[in-house]
Amino acid sequence: MNVRILNSREDLNATAATVIASLLLSKPQAMLGLATGSTPIGIYRHLADMYRRGQVSFARAYSVNLDEYVGLSPEHPQSYRSFMNEHLFQHIDIPISHTRVPDGNALDLTAECVAHEQAILDHGPVDLQLLGIGHNGHIGFNEPGHSLTGATHVVDLKERTRSANARFFGDIDAVPRQAVTMGVGTILKAKQIILVAFGAEKADILKQALTGPVTTECPASLLQCHPNVLILLDQEAGGWLK
Ligand code: PGA
């Protein structure tokens with residue numbers, strides 16, 4: 001794994017955005033694997049700025065998101081579809097028909113999981129997958145446990161994950177208990193992975209994920225098996241590596 005520790009969050013956001021923009025310059029029809037949460041917001045802001053300055057176009061690109069809450073309609077303000085529209089899609093020129101966020105409100109969630117995998121097959125493979133990391137080592141919503149599922153599937157969210165995300169809902173009881181997520185197998189099929197993390201509260205789990213054993217108890221540790229992973233950290237998250 002290629003680990004880079006940047007001086008500031010701004011540097012980190014700019015570096016990740018530049019890697020994504022460079023890919024689109026060399027491959028305008030690239031498929032991007034996108035993430036939600038606090039971590040990628042600054043990266044998306046940079047990409048929107050680069051688009052406004054004419055430095056990158058998404059007109060031919062495709063995107064597929066990691067996950068979505070079960071039971072929230074796409075219009076729900078806390079759905080990941082709303083998040084993507086608000087933080088990225090409405091600021092750039094990607095055709096909305098080229099973007100896919102799992103539909104957590106689908107009547108047949110099993111069919112929705114199959115459809116998500118099929119969309120990746122149709123326009124993929126994913127050229128670049130952007131990832132954050134949960135405090136418990138999850139990637140996407142692949143929660144730690146005795147086993148992991150390879151393909152896109154429905155997952156029960158851990159209480160740690162629900163309480164971490166309660167800040168967006170105002171009330172823990174409003175946080176959905178399940179999500180649809182790409183599986184770890186889906187994620188590892190991406191040609192390149194960029195994992196981004198900032199802040200001291202991610203340092204311990206990063207230490208486990210990057211230097212500990214490869215184990216389903218820390219899903220991010222499976223990234224050690226991928227041949228093309230770039231880890232971008234700020235000083236607080238990655239200072240222990242020096
Ligand atoms: P965060 O979430 O970016 O809000 O810290 C990361 C994750 O849970 O994957």
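Just so it is clear, glycine is given a Cβ too, placed from its N, Cα and C backbone atoms.
Residues annotated as active site, proton acceptor in TrEMBL: ASP67, HIS138. What TrEMBL records for ASN136, GLU143 is active site, for ring-opening step. Residues annotated as domain 'Glucosamine/galactosamine-6-phosphate isomerase' in TrEMBL: 12-225.
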Q.
What's the number of neighbouring CB atoms sitting within 10 A of the CB on ASP67 (active site, proton acceptor)?
A. 24
**Q.** Rounded Cα-Cα span from ASP67 (active site, proton acceptor) to HIS138 (active site, proton acceptor), Å
**A.** 12
Q. Given ASP67 (active site, proton acceptor) and GLU143 (active site, for ring-opening step), what distance in Å do their CA atoms have, once rounded to a whole number?
A. 12
Q) Cα-Cα separation of ASN136 (active site, for ring-opening step) and GLU143 (active site, for ring-opening step), in Å? A) 8
Q) Quick one: mean pLDDT on the domain 'Glucosamine/galactosamine-6-phosphate isomerase' (12-225)? A) 97
(Q) Within its own chain, what residues at least 6 apart in sequence put their Cβ under 8 Å from the Cβ of GLU143 (active site, for ring-opening step), listed in sequence order? (A) GLY134, ASN136, VAL155, ASP156, LEU157, LYS158, THR161, PRO219
Q.
Counting across all protein chains present, how many other Cβ atoms fall within 10 Å of the Cβ of HIS138 (active site, proton acceptor)?
A. 27
